[in-house]
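Asks: Feature table excerpt (Swiss-Prot):
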type     : residues                       : note
BINDING  : Ser45, Thr66, Tyr256           : substrate binding site
BINDING  : Asp146, Thr173, Asp230, Gly255 : NAD(+) binding site
ACT_SITE : Arg206                         : active site
ACT_SITE : Glu235                         : active site
ACT_SITE : His252                         : active site, proton donor
Amino acid sequence: MKIVADENIPFVNELFEPIGEILLRPGREITPADVKNADILLVRSVTPVNAALLEGSKVQFVGTCTIGTDHLDKAYLDERDIAYSSAPGCNAGGVVQYALSAMAVLGLLQDSPSKDFKVAVVGCGNVGSRVYRTLSALGYDCIGVDPFLDTSTIPHLQPFEAIYDCDLICCHTPLTRSGPAPTEHMFNTDVFNHLKSGATLLNAGRGGVIDNRALLQYLNTHNDLTVVLDVWESEPDILVELLDAVALGSTHIAGYSYEGRINGSLMIHRALIDYLLAHGEHPEDTRRAIEAYVAKDKETINVTSFADAVLATYDVRDDDALLRQAVQGLPASFDMLRKQYRKRREFSHYQIEAAPPKLMPLLQSLGYGVVAK
């Protein structure tokens, strides 16, 4: 069995070598010639999977180690009877960490949030709902915006226009161009003009959900909107002038925690195992060894405030600085920063040795451990 895989998929050899012969390629450079004789294709969001790539190939299973699937031509895959699977929610913990870090840097993360501070989470799927639940549990007044859900899933569900009264808007939607509620350029000049003065807009979903040129034009003529962008239109060839105009920018790494990336690999491995079992194969399952390896090490920290606890695990300013320093090398440096991304650990990796007692329940609810006395 032949497998073509993105070289940046964590533990790709350890997980998939027992299943078949692996050819590793840079994600943006996977070609029809690479996949012509492959049975399995494993990708990330940087690889468009469509007729141009797969026509004439033997591929029968496509796995993407990402939550999003807008890079997969699902209609073509269905027509060709090619099975496919994604990793919904795999990086939710990392995205929560990213959002809280940005809030801490901007002075929006408080031990006791003001009741006058209102948050909107736009897109409440696997990741957005985790952000919504986390901020709500931390005491923030949160609303959810998602036309495909009802209040049984998100209690305070509101129409899109409700974001105009919010102080922080966190965007976690997929990119869609058709259907009953397309998200492409959902945030445009008209929306910017209606946002609350002094609001903060954070996008860790898909770049095209925000009209980047319209946003740049707005920021060049207004000083009442703070913007945090982890995702951009036309990645990796991003609008450099927009980077100059936003408060914080990064290279599509919000969910790029060590645990999140490994979760994506493990979920696709499980999906492939299930597919092969259903087709009479009996592949070796190596997930347990990987899971045990990830879980065994912990790091101890001391904190004095909630913001301090978050920034001790991850400071988004580090990634912002790396992107700004690499701006002359764009677009290649955008991908290089992602490829060489450090081992960023989620809250569950850390154990609190000392912290104000009132913070301990809050920190434990986020997954921090506590050093036994």
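Each Cβ is built from the backbone N, Cα and C atoms, and glycine gets one as well.
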Asks: Can you tell which of Asp146, Asp230 has the most other C-beta atoms within 10 Å, given these are the binding-site residues?
Replies: Asp230
Asks: Inside 10 Å of the Cβ of Gly255 (NAD(+) binding site), count up the other Cβ atoms and send me the figure.
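Replies: The answer is 27 other Cβ atoms.
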Asks: Should any of the recorded positions Thr66, Glu235, Tyr256 have a Cα within 10 Å of the Cα of Asp146 (NAD(+) binding site), which are they?
Replies: none
Asks: Ser45 (substrate binding site) to Gly255 (NAD(+) binding site): how many Å between their Cα atoms?
Replies: 12
Asks: Quick check for you: of the recorded positions Thr66, Arg206, His252, Tyr256, which have their Cα within 10 Å of the Cα of Asp230 (NAD(+) binding site)?
Replies: Arg206, His252
Asks: Could you state the CA-to-CA distance between Thr66 (substrate binding site) and Gly255 (NAD(+) binding site) to the nearest Å?
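Replies: Computed Cα spacing between Thr66 (substrate binding site) and Gly255 (NAD(+) binding site) is 9 Å.
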Asks: Roughly how many Å separate the Cα of Gly255 (NAD(+) binding site) from that of Arg206 (active site), to the nearest whole number?
Replies: 12
Asks: List the Cα distance (Å, whole number) between Glu235 (active site) and Thr173 (NAD(+) binding site).
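Replies: With the alpha carbons as reference points, the distance is 17 Å.
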Asks: Counting only residues 6+ away in sequence within the same chain, which have a CB under 8 Å from the CB of Arg206 (active site)?
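Replies: Expected: Gly68, Asp70, Thr173, Pro174, Leu175, Thr183, Val231.
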Asks: For the recorded substrate site, enumerate neighbouring residues of the same chain (Cβ within 8 Å of the Cβ centroid of Ser45, Thr66, Tyr256, site residues themselves excluded), in sequence order.
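Replies: After dropping the recorded site residues, what remains is Arg44, Val46, Cys65, Ile67, Gly68, Asn91, His252, Gly255, Gly264.
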Asks: Over the residue list Ser45, Thr66, Tyr256, recorded for substrate, what is the maximum interresidue Cα distance in Å?
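Replies: Among the residues the record ties to substrate, max Cα distance equals 12 Å.
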Asks: Taking 10 A as the limit, how many CB atoms besides its own sit near the CB of Thr66 (substrate binding site)?
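Replies: Here the count is 23.
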